[in-house]
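Colleague: Submitted below is the structure of interest, expressed as structure tokens.
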2 protein chains.
Amino acid sequence: MAWWNTHRDFKNSINKDINPDLASERKFPPFNVEKLTNLLDGGIENTRVRRRVEAAIHSDPVFSRENQYFLSSSERYERGIQKSIHLKKKMVQLGWMKDGPEIQWLNRVLAGDIGFNVHAVFVNCILELGTDEQIAKWIPLAQNYNIIGTYAQTELGHGTYLRGLETTATFDMSTQEFVINTPKVSAMKWWPGDLGRSATHALVLAQLYIKGKNYGMHPFLVQIRSLHNHSPLPGITVGDIGPKMGFEHIDNGYLILRNIRIPLQNMLSRYSQVLPDGRYVKQGSEKINYFSMILVRVSMIDNAVVNTLTKACVIAIRYSVVRRQSELKPGDTEAKILDYQTQQGKLLPQLAAVYAFHFIGPYLHDFYNRVHHEIKSGNFQSLPELHALAAGLKALLTEYSSAGVEVCRRACGGHGYSMLSGLPSLYSYVLAACTYEGENTVLYLQTARYLVKCFASGQSGQSLPQSVAYLTSELSRRCQARDRSDFLRTEIYLDAFKHRACRLIRGAATKLQAMVQSGVKQYEAWNSSSVELLEASMAHCQYIVVKVFVDAVEKLDSDPAIQKSLKHLCHLFALHWIRTNAGSFLHDEYISGNQLDMVTASYLDLLLLLRKEAVILVDAFDYTDEQLNSALGSYDGQVYQRLFEWAQKAPVNHQVNSAYENYMKPLFHSALSKL
Amino acid sequence: MAWWNTHRDFKNSINKDINPDLASERKFPPFNVEKLTNLLDGGIENTRVRRRVEAAIHSDPVFSRENQYFLSSSERYERGIQKSIHLKKKMVQLGWMKDGPEIQWLNRVLAGDIGFNVHAVFVNCILELGTDEQIAKWIPLAQNYNIIGTYAQTELGHGTYLRGLETTATFDMSTQEFVINTPKVSAMKWWPGDLGRSATHALVLAQLYIKGKNYGMHPFLVQIRSLHNHSPLPGITVGDIGPKMGFEHIDNGYLILRNIRIPLQNMLSRYSQVLPDGRYVKQGSEKINYFSMILVRVSMIDNAVVNTLTKACVIAIRYSVVRRQSELKPGDTEAKILDYQTQQGKLLPQLAAVYAFHFIGPYLHDFYNRVHHEIKSGNFQSLPELHALAAGLKALLTEYSSAGVEVCRRACGGHGYSMLSGLPSLYSYVLAACTYEGENTVLYLQTARYLVKCFASGQSGQSLPQSVAYLTSELSRRCQARDRSDFLRTEIYLDAFKHRACRLIRGAATKLQAMVQSGVKQYEAWNSSSVELLEASMAHCQYIVVKVFVDAVEKLDSDPAIQKSLKHLCHLFALHWIRTNAGSFLHDEYISGNQLDMVTASYLDLLLLLRKEAVILVDAFDYTDEQLNSALGSYDGQVYQRLFEWAQKAPVNHQVNSAYENYMKPLFHSALSKL
């Protein structure tokens, strides 16, 4: 029977066997894969919980992602809302508690494909910034979705620079109300999620004015749509900002407020309050505001960024052992593309980065919790260090991960351009993270500002916080490596990263100092040095990432087989970054050209070693096919069959072709007489 | 009157004045902008023709791109077909001839947003590969759109490696027919444009079999859909491959052929022919096939790649003098973001690249024409050089331009993520070019193969073709620069690029040779060196691009003011590449760390210089607002107004929100009693 007959019935046509090209990669795992899975999940119990969550979600048709790539953005939006509301019910049914162990897996299992995300920010802000009365009034409503809120901060003309926000909230003592206004076009709220088509309420960030005096940005609770019929309330103009590169399921919106009056009680007042007589009272530190922003950055690294790069690696690496192209050895069958050194050089550094970044989340969370604890007892000392780390690592990881997903996508050739590969959606998703929660260049420069300060403190003999202590440590002037194997020693490459970060920070700080001393204004000197400050900041963050990876792998000595593979990944990761940033290692001859050749030699050796384990190493993350939602990346490797099946389901293949009816038909008919 | 009242009537609300922040940038142009426009167009007459074409196209509502970002892919497809058919009529009306001066501007003016592109390839192939009879039969039909053809080469499992294609065409002598078959899933045709929903015919590339013997790939003309009712003919399975990252208006398709019989006359037979008795006859050289592939690559550099990067630069640079963020100088109004050094460091190198790449098209076209001329007289000597150049430059320019568009997109912050900015579409458009017409890594390695051969020839004393002659020239061992101003001398940086390319090519070739001499098989040695070969190939192509730019600018001495600005761009471009590839310049100490600091100093000086001219330099490309189709990039700089106006037109803002009706309404209603 010809092959195409077996394909007539689409539902049953996929051969459920594992593609032998993929199966052969799994035959001789160098370690216990399940154990690595447990380790990555943070323990065997976590793996169990995750799989329970997966079973519950994947078996529920409401959460199905089948045909997702064929949906319009309106359909995606509606499904997102449906899923959110259904999830809340389901959690009650299943007895999953708000602080239960299942919650941490929901984002991964649902693949972020759910609505009311900014509503959750709205809820958190009220909990964080509201008084007890405000919490008692609003939280039950919000948690039951009886109202939907958005967090309306960003304006059409204002993003990362919060002080520039132009929306005003003026206290009218005569009525005991705030009057909220959008004073000009550039001041309209723009981008907030859940605003465009859903929200009934908005937490509006606005400049507070009392008796003509500006008290800075404060949060105000404003109802924007009727709870009767969802129409905008008088004075409100609200809508959707239109199509975006990704996040089709989110209704990012715009909002204009014209003389909107809200009661005095609607300013969130845990930390600052306006009294009926117009007095302004502050309680506690503003820094707490700052602190919740850090948590968002810390959390997004795991949830939005590392997960996405991981999925892209799973897809691209599985595909690369199934796809065959060209004869590697003349006369042989076509080779798996992962057998080409260039393909290894594209994908394996991304795989190494996935493992490196996997350890950053816990590292930052630990640090965050420690600082949180300190702050509770009134000690804000570590906050600047935490802020600098979170900002820089957010920038580095989002930037590298975006580039990495794109490397994976492109490594899948033409099929990586098809939405059915899953890769374009991953890319447009992770990409956004370079901009939201602080534009990366701005964040890098915030970290740089902290580094320059620390450098100066170090110069003047003060002791430095842990993550920057190396700025005052003794540094060797030359790399000690004598042959390629030396570059497989962590202390050798750690020293290189440390030395380089130090040199770049010193260089930028010295330039800055010299300019100021020569009479240039501080702000001008800063701007004129910012390209170099940026490079210094990156180098510092890279050092931290390599260091955290090295430390994490060293702790894995209870399973030597796993540790060995992860060590190779760690080496590859470090050497990849040395190679791709070679200029700054060679610049002061810390590393010689000769040594760089050793780096390359070891790097190429590692590619070959890790090539053999690549599939195992991506399998260990244990992503389900539903989470990957990729015709190229499924566990069974039936790539071509799945592409064909999915494509056939595209709606355009089942609709009347009006372009034919309207334009082509008459032209084709006139050919009939001529052929 | 409050500002929002003036915005009620969307049609009339955009202030048609130039935004003063943009106007001020145009006040003191350092040269005659119109003259630069003429120069970029290739002469004053060309500018005239282009503007005539623009006037004709932009005034015709069929070609309007208004609301394009709100259209579904089906609507985009139908509009593309409509435009193609309308354009043909219009050209007749306007008297534009097929070889007239207007044609070269059509792609730019229509912004590629038109159907039947692969049909044009189908037509060209028949003209190129068909006999006179075949041309006489098919071309009139095809040119009048009485039939629509596709070029069906790529298969589900086979892309760049053409010899791997699996579709078969078996000669059946008894009926004087070819029998075309898709022998397995991976052999189905996949990706051809115009195939999914339009084509009536396909030029199927298939392995020719006569009496069991394979004669390699040949082109066969196959009807696939009925001219009566457009349904697939018996034995044909055809459809659309579904959604992609871009090219929404193109119906890329799949095609399965089951025992499709076509007459002997349907194999295109200008260069090889099957006689009725089954004899296979070759006429002329196969290399001619090869040659048309080169032309496609040469042409796409201008049409798809450089145009796109240019538009992205226009948008991002105009936006960056309108967008203001943060106080640069404390107490001042917020600064234009282009005044930040980091923003200059993002955008100005892209602007320089636009100018650099602008000169590559003519350079390659000239070379192509020369070789074409030689080939006509039977001289194929320069073909390998042309092939290597076109392959490598295609790879370099598509890769760099994709990255550059993304830099521009990201430099626009959140608004760059909105489709209304125009930037996401430009990105997904240019990105595809990294894969189609030859995957870039494969192409780089083809160039590397040529370079390694030339290196060996050079070693053995043979003289080398012009573009690689430098491989045997005398090279200085150290860069001669003594201060930063030396890096503004073209001979200094040209020598650096030459030296580096030479070193990398020699290094890779030497490694390859050594491995083979030590007993490693040639193919293994090649694979094991391919990461280094890739780097060598890139370095060679970068040298060529810098060289072509330098030569082009040197010829502009008739207008010293323009020449001066372009010289600055050329310097910036070269220094940017030295900085971003610093490792390979420092590696053998050709450039010292000290000299690299001079490079950085000059680079930063140039950023400041070119900052002032940036808007003028993008204006000179004279893109119309219709071509840019960007709320951020219009000539008048009314960014925020336009974003707001366009967003309001989004269909979701005028539709019933079924997510509200279906899911949110009951929840909100139950809040009414509680508030």
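Glycine is no exception: its Cβ is also placed from the backbone N, Cα and C atoms.
Unlike curated entries, TrEMBL annotations are predicted automatically.
Summarising the annotation, TrEMBL assigns active site, proton acceptor to B:E437. What TrEMBL records for B:T154, B:G193 is FAD binding site. The domain 'Acyl-coenzyme A oxidase N-terminal' annotation in TrEMBL covers B:32-148. The domain 'Acyl-CoA oxidase C-alpha1' annotation in TrEMBL covers B:290-452. The domain 'Acyl-CoA oxidase C-terminal' annotation in TrEMBL covers B:491-668.
Are these features on the surface or tucked inside, and what are their neighbours?
Modeller: Sequence-distant contacts (6 or more apart, same chain, Cβ under 8 Å) of B:E437 (active site, proton acceptor) comprise B:M293, B:V296, B:R297, B:M300, B:K394.
Mapped onto three states, the DSSP output places B:G193 (FAD binding site) in coil.
Taken together, the residues of the domain 'Acyl-CoA oxidase C-terminal' (B:491-668) have an average pLDDT of 97.
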Colleague: Can you tell me how the residues of the domain 'Acyl-coenzyme A oxidase N-terminal' (B:32-148) break down into helix, strand and coil by DSSP?
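Modeller: Taking the domain 'Acyl-coenzyme A oxidase N-terminal' (B:32-148) as a whole: 85 helix, 0 strand, 32 coil.
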Colleague: Would you mind checking how many other C-beta atoms are within 10 angstroms of the C-beta on B:G193 (FAD binding site)?
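Modeller: Looking across every protein chain shown, the total is 24.
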Colleague: When a 10 Å sphere is centred on the Cβ of B:T154 (FAD binding site), how many other Cβ atoms does it contain?
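Modeller: A 10 Å sphere around the Cβ of B:T154 (FAD binding site) contains 20 other Cβ atoms.
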Colleague: Under DSSP, is B:T154 (FAD binding site) helix, strand or coil?
Modeller: coil
